[in-house]
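Peer 1: For reference, Swiss-Prot lists these features for the protein:
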{"type": "BINDING", "residues": "CYS435, CYS441, CYS480, CYS484", "note": "[4Fe-4S] cluster binding site"}
{"type": "BINDING", "residues": "CYS484", "note": "siroheme binding site"}
Amino acid sequence: MSDEKYPGPLVVEGKLVDAERLKKQSNYLRGGIAEDLHDGLTGGFNGDNFLLIRFHGMYQQDDRDIRAERAEQKLDARHAMMLRCRLPGGIMTPRQWLAIDKFATDNTIYGSIRLTNRQTFQFHGILKGNVKPAHQMLHEVGLDALATANDVNRNVLCSSNPIESELHQEAYEWAKKLSEHLLPRTRAYAEIWLDQEKVATTDEEPILGETYLPRKFKTTVVVPPHNDVDLHANDMNFVAIAENGRLVGFNLLVGGGLSIDHGNKATYARTASEFGYLPLSKILDVAEAVVTTQRDWGNRTDRKNAKTKYTLERVGPEVFKAEVERRAGMTFEPIRPYEFTTRGDRFGWVKGIDHKWHLTLFIENGRLLDYPDRPLKTGLAEIAKIHQGDFRLTANQNLIVAGVPESEKENIERLALSHGLMENVSHQRENSMACVAFPTCPLAMAEAERFLPQFVTRVEAIMNAHGVGDEHIVLRVTGCPNGCGRALLAEIGLVGKAPGRYNLHLGGNRIGTRIPRMYQENINEEQILATLDELIGRWSQERNADEGFGDFTLRAGVVKPVLDPARDFWQ
């Protein structure tokens, strides 16, 4: 089964990275977190606990806007936690929404709720004393934050398509089952945060193992023709195949991922490989087989090279696929036909086949806060008080008020309009996205969320000047090469390099099935806009009918396509 292109070993020998020691010594993710909670001398978690809390859905951060000032005053950084909820498929009840709204107001520094492009929400600025109450509040309304970060299967995404209600419901149920099946089995989360008793049994992790996965692992369930979840950014993807509106099985695609390391040619973005079709009866077996193969074969000697995409490139997709078949006791059928036509959200009211109405609201950057002229956060809380359906968070950082009966439509719309939740914005703004970056993300090299709104305004001006103001280009900004903003699946992707400076990538497409190539490196906003002015001008004049900007940049030879990223991503 070997292939000359993939000569690598199944297991990489060598000195394990320190994260492997940390996991092994953590007593199944307990570490000293419980003791650290009572240490009032510092606002943060110390030593191994700083990393272990990630398995419990939290990152330790500080406010980078005031970091230098505090250092000058000989003060510690102002530590606070970011907490990310586990919310497979992004669906919440109004009761859950009201609970998180109140917590954000009462118990976080910033008072905001951040919707993310992984279909969940984050709290930023939770002080150490409020961490345990945060987990307990989630538990009281049937939520948790287990395994939303670090070396586990993260929050499972599912296409947000409320119109095809029956098919979406079936896909969503599978997203939930996958999430539950691949969760850590340790009782550490319940013991530490929910005060559940320590049971005198030995912990076991039959799927994840004692040292969990080599690196983060991301899963999607996607319902064509909508690629709103950006499947090619993920390790394991189940593409729904329907017959007569009912789900019959899935195509499996494995090994996508966007994270890179500036200047490290051994890292690259990669689209997922098609493995084949499988019936519903085999989904959990196959998912477990993919995860355990990556668990056993993934590189534990180099975290920069540990994700599933690198394992596939080292051993070869066919070898990896054969191992999955062996472990799952099945053989993939040939891929069944599927097509993507869109990945953006459909804004405004749409009526589902169940005769319920669904209102998709554009939430710029996913940040819900009460702005002076637009009390967005209060508006959603007011809607939650009367809404009879559910809320659906999308992978584009927006929110759907779903399942509204005809009799309630007018009341919901009145609240949305009066709180600034239904303002008219351009198609360009609707199709632009950024990660959080400054001031809270410790990895950010450049601004993203705070940079995007005014940058889009300037891009809109360029598009209007060239007569294409009613069109859109998928535009994304990510503050560092880890790529949370998914810029490396955009038509125009900006990757933060240093404060005020970005690498400009061009040549992705509208549906998210192509990696863009770096066009210019380490340039500032004015240089980016000058380049875009020239290229958007050319696109407006030279494009074919219905040709997207990314497709045009390839056809016109502005950039060469990335065809085999392990070998040509950096060319």
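Note: Cβ is positioned from N, Cα and C throughout, glycine not excepted.
The shown structure was predicted, so the numbers you read here are calculated from the model rather than taken from an experiment.
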Peer 1: I want to check the contact list for CYS441 ([4Fe-4S] cluster binding site): same chain, sequence separation of six or more, C-beta distance under 8 angstroms. What comes out?
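Peer 2: GLN61, CYS435, GLY479, CYS480 - these are the non-local Cβ neighbours of CYS441 ([4Fe-4S] cluster binding site), listed in sequence order.
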Peer 1: Which has the fewest other CB atoms in a 10 Å radius around its CB: CYS435, CYS480, the listed binding-site residues?
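Peer 2: Checked CYS435, CYS480; of these binding-site residues, fewest Cβ neighbours within 10 Å: CYS480.
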Peer 1: Taking the Cβ of CYS484 ([4Fe-4S] cluster binding site) as the reference point, list residues of the same chain whose Cβ is under 8 angstroms away and which are at least six residues distant in sequence.
Peer 2: ASN117, CYS435, VAL436, THR478
Peer 1: For the recorded [4Fe-4S] cluster site, whose residues are CYS435, CYS441, CYS480, CYS484, find every other residue on that chain with a C-beta no more than 8 angstroms from the centre of their C-beta atoms, and list them by sequence position.
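Peer 2: These residues sit around the [4Fe-4S] cluster site: VAL436, ALA437, LEU443, ALA444, ALA448, THR478, GLY479, ASN482, GLY483, GLY485, GLY496.
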